[in-house]
Each structure stands twice: as C-alpha cells, then as structure tokens.
Amino acid sequence: MASGTNLDALPYVPYVAYNGTIPTGGNSLKENLNVFYESGDIAWMITSTALVLLMIPGVGFFYSGLARRKSALSLIWLSLMATAVTTFQWFFWGYSLTFSHQAGKFIGTLDNIGFRNVLARPSVGSVRIPDLMFAVYQGMFSAITVALAVGAVCERGRMLPCVIFMFIWATLVYDPIACWTWNPSGWVYQLGGLDFAGGTPVHISSGSAALAYCYLVGPRTGYGTQALNFRPHNVTHIVIGTVFLWVGWFGFNAGSALSANLRAVMAAVVTNLAACMGGITWCLVDYRLERKWSTVGFCSGVIAGLVAITPGSGFVPAWAAIIYGICAGLGCNFATQIKYWVRADDALDIFAVHGIGGLIGNLLTGIFAADYIAHLDGYTVIAGGWLNRHWIQLAIHLCDSLVGMAYSFTVTLLILGTMSYLGKYVPALKLRMTPEEEALGVDDVEIGEFAYDYVDLVRDVKPRDPAGDVGMISEDEEMDAESQRSHSRTQMVKGLETREGGGRGAAYAMRTLSRSSAGADPYVYSGAVWGTA
C-alpha cells in the first residue's frame, strides 16, 4: 500500500489489534469499535445464532410427533416457552454466571448481570468475536438445552411448574456445567477437556435432567400396560423436526468455531457425515427386528449421530465422523431399553439419545481428537487424543461426562423434590396432573387449544354396527376423543343446527354428547356415542 494512503477513505473497515482498556471495550462515541473484528466472522456468527434458534421449534415438532394427539401442542408450546424464559434468564444473570471474565472454576460472577458492560471487549470464548456477539450466540445453547430437558413432562406434567423449573434449572445446572466446560477458568477446561459444542453442557446435562424429571413426575397412567402401546401419532412432525434440527446443527457445531475459518468448515463436514451414518445405522438395526424401513428410526438415528459428533466436531478428521455415526446409531438404539431397566417412563427417549449419545461422543473425542484439526482456525493448540498418543485424554473425558451426568441428575432431583414438597401447600407448584386431567390431555386442560382442531372428526365418524362393541375402540382413539371433546362438541352442534334447521337439534346434541345411549340412528365418534332424535 502506498505511503500516505488515507485508511478512512477505503471502502471497508480495517482490522486492527484490540487495544481497549475498559470493560465495554471502548467508547463507541469516540472510536469505531468495529475495527477490532472481521466483518465476515460477525456475519457468520449472526447466521449461526439464527440457525441454532431454528433448532428449538425443531425440538418441539420432533417431540410433538412422538407423543399422542391430546398432548401434541403442549410440547411445541414448551419448546417455544423455553426459548423465552431462558433468554431472559441468560440476559439477567445466566451469561454472567457462565462467561464472566472473572469466573471461578465452577461458576462465574455477577459482573455482567443484565448484560452490564457486555459490548465490544473480546469474549472469553474467542478473541475473534466481541462479548455481545458471544453472549447472544451462547444464549441459544442455553435455550435449546432447557427445551431438550423439559420434554420429560410429556403427557402428564403441568406447565406452570415446568416453566418455573426452566429458570431455576438453567441457573443451577446449565450455567455451572457450561462455565466449567467452556470458560477458560473452569476446572474441566483447565484439566484439558475437549468439548467443542456441548457434549456435557447440552446433551448429557439435558438427558440426565430428563431422566430425573421422569422419576419425580411419575409414569403416565397405564405405563407398562397395553394401554400405552401406541405408535407416534404424527411421523410428518417427526420428519419436520428432524430437518429443522439437522439444518440448525450446522450453526450449532460449525458456529462453535466462533469465526469463519477452515475449522468451521470441517465441523460442518463431520456434522453432516455423522448424521447420515447415524440414520442409516439406526434404520438397519430396527429393520432386523421388524423387517420395516422405519422413518421414525431413521430420524432418531440422525439425531443420535448429531448428538454424538457435537463434542468432537471441531477436533476430529472427516473419516472419524463415520465411526461416530455408527456408534451413536447402535449405542443410542440399544440405550432405549435403559428406561425399562431403571423403571423410568422416559416417553421420548431423551436420556437414551442425548444422555448416552453425549457420553458416546465425549469418549470418542478422547480417542479421535487431532491437533492439526483444532489448529485449522490458525490459533488453537491442543495435545489431542489417542490419535496423537495423548492417552490421558480419554480419562479426562470420562471424568467430565460422569461428573456432569451425576451433577445434573442430582441437582434436578433436588429442584423438583423441593417443588413437589412445596406443591402440597402452593398448588401452582404441583408437578403432576390429576388422572382425570391426564385422560383429557395436556392440550385441552392446560392450553385450551389443539394441534388438530376438528379435522379428524369427519374421518373418524362412522356408522356403528348394532352388533358391534364400543369397547373394541382403541385406547388411543378414546384418549384422542377426550382431548378434542370440548371443540368437537361445538362443531357437532353447528352441524346439527344446519341439518335440523334450528335449536332443537343443537339442544338434543348437547344432551346426547354427554351420555352413551344408542338412538334410532346411532353413530360412534372415537368412543363417544351420539344419536339423532
């Protein structure tokens, strides 16, 4: 560049080394704080933040599809509410407790409470991005972890206590584990633990918390009997949720490079490979039992592969992703039997996929982590795993995984145990629905809205064979009728008003919907008998 060139006249923001001396990183009224960071890094991290946010409704759709109709909407609602509650918690004190610059080995300080002084200073995660960018990106990790955990309330947990639990759990469980894993002051970080995107803070912690929640809230009514022998109610929702998660995971893993570089590219490559191999493996394992190519099995395997590769995505070469996917597909598939051994009604297999998947990923990272992969960003230096003959790395990861699992499980039990005890005196803290409410469904009782309004009414209304037995109707249909009864009554009344030409038919409908007597022209609607005058 020619001497005397005016840098301010150039059509881009020049990059200079950070030279700030105040907590905010500088005075934006007197200097351009953008000169300390590459615009491409900022652009990539904003994009990654949006991709991780996209994963949260993906969790909701995935969980919703696995459940029954009568509770389908509640699981989507809880995922979205987890985003709102945890985002506020992260702003209020979560970020400060996790990533404050003066953090201890286990937890941070409150120096950045309410995002105080969170602006242009280089973050503790990487000097390539400022505190503010790092804060909003990591806030999405906290939100999706909580969303994963609260799926444990599936079909029997009350929603208000669950919302209160979100805030408390994020503070007492997620923030400390994330601090000791990713903050340079944390004990796992200083011990040499390698967790690129959240094997322990996200997956092991949420899986263990879900298992604890299942214990405290108790099994669903009919658990262990034929009454709960049902298939996922909406496989399309499962596929949609999987696609959202699969796409969003590129921001989750590749974004954890915290800048736009070759390390981020490698993280994207291994993320996709592991997902593909996980889906193929799980599908093949299921085929050997049922001789069916299960869509649900494939989607579950994809998620398992994504979970397993998360801690190693910025540390391992591309070929290792194949091993991650196969091990996750096998390990998580067989881990779905754990809930029967420990007698926990983990309806959505959260512990099997996320708890065990995270453990598998952590251990494989201890084996396949490579120093040359980590250094693709140009500055990260690690001792590596067994590929670099650094044998102790596997033991470090085993210790990290077991401590994180035990801590999350134990503290979650304490939180929910306290809430359950207080629920005897404060009804708002009562964790479990009554059997009558559970029979109606969470959507009807807690939300008053439904994932599917009256669409199924026309499909399921059919003439009744006088010789038939209403008792032969399946339990799932009967439950679905309960979950939509308040709305379907209104629709039936409207239909009869049209057919009968006035209020007589409507009045009769309201009488007959509440009893099971056969009239001159009886019909069956999902277990409820109704007739005409």
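Glycine is treated like the rest: Cβ placed from N, Cα and C.
Marked as domain 'Ammonium transporter AmtB-like' by TrEMBL: 43-452.
Under the heading region 'Disordered', TrEMBL lists 468-497.
Among the features that TrEMBL reports, transmembrane segment is placed at 42-63 (among others). Residues of the same chain lying 6 or more positions beyond the ends of the transmembrane segment (42-63) and with a Cβ under 8 Å from any Cβ of it are 75-80, 82-83, 129, 133, 136-137, 140-141, 143-144, 147-148, 151, 154, 237-238, 240-245, 247-252, 254-255, 258-260, 264, 299, 303, 348.
Counting residues 6+ beyond its ends, the transmembrane segment (75-93) has Cβ neighbours under 8 Å at 53, 56-57, 59-61, 63-64, 67, 110, 113-115, 135, 138-139, 142-144, 146-147, 150-151, 153-154, 159, 162-163, 166-167, 170-171, 447, 451 in the same chain. Taken from TrEMBL, the feature transmembrane segment covers 75-93 (among others).
Away from its own ends, the transmembrane segment (132-153) comes close to residues 42, 45-46, 48-49, 52-53, 55-56, 59-60, 63, 75, 78-79, 82-83, 85-87, 89-91, 94-95, 98-99, 115, 118-120, 123-126, 159, 162, 165-166, 169-170, 174-175, 178, 198, 201-203, 205-207, 209-211, 213-214, 217, 252, 255, 258, 346-348, 350, 354, 412 of its chain (Cβ-Cβ under 8 Å, at least six residues beyond either end). Annotation comment: TrEMBL describes 132-153 (among others) as transmembrane segment.
Counting only same-chain residues 6+ beyond the ends of the transmembrane segment (160-183), those with a CB under 8 A from a CB of the stretch are 78, 81-82, 85-86, 88-90, 93-94, 97-100, 103, 105-108, 124-125, 138, 141-142, 145-146, 149-150, 153, 189, 193, 195, 200-201, 205, 209, 213, 400, 404, 407-408, 411-412, 415-416, 419, 423, 428-431. Annotation source TrEMBL lists transmembrane segment at 160-183 (among others).
Panel annotation: around the transmembrane segment (203-223), residues 145-146, 148-157, 165, 169, 173-174, 177, 307, 310, 339, 342, 344-348, 350-359, 361-362, 401, 404-410, 412-413, 416-417, 420, 431-432, 435, 438-439, 475 of the same chain, lying at least six beyond its termini, place a Cβ under 8 Å from a Cβ of the stretch. Feature annotation from TrEMBL assigns transmembrane segment to 203-223 (among others).
The transmembrane segment feature in TrEMBL is assigned to 235-252 (among others).
Residues or ranges marked as transmembrane segment in TrEMBL: 264-285 (among others).
Among residues of the same chain six or more beyond the transmembrane segment (292-310), those with a C-beta under 8 A of the stretch's C-beta atoms are 62, 66, 196-199, 202-203, 232, 235, 238-239, 241-242, 245-246, 249, 252-253, 270-271, 273-283, 285-286, 316, 321, 324-325, 327-329, 331-333, 349, 353-354, 357-358, 360-361, 364. TrEMBL lists 292-310 (among others) with the feature transmembrane segment.
As annotated by TrEMBL, transmembrane segment applies to 316-336 (among others).
Residues or ranges marked as transmembrane segment in TrEMBL: 348-374 (among others).
Marked as transmembrane segment by TrEMBL: 394-423 (among others).
Against the transmembrane segment (235-252), the recorded stretches 264-285, 316-336, 348-374, 394-423 differ in Cβ pairs under 8 Å, and the greatest number is found for 264-285.
For the domain 'Ammonium transporter AmtB-like' (43-452), the model gives a mean pLDDT of 96. Put simply, of 264-285, 348-374, 394-423, the stretch with the most CB pairs closer than 8 A to the transmembrane segment (316-336) is 264-285. Residues of the same chain lying 6 or more positions beyond the ends of the transmembrane segment (394-423) and with a Cβ under 8 Å from any Cβ of it are 149, 161, 164-165, 168-169, 172-173, 176-177, 181, 188, 191-195, 199-201, 204-209, 211-213, 215-217, 311, 355, 358-359, 362-363, 365-367, 385-386, 429-431.
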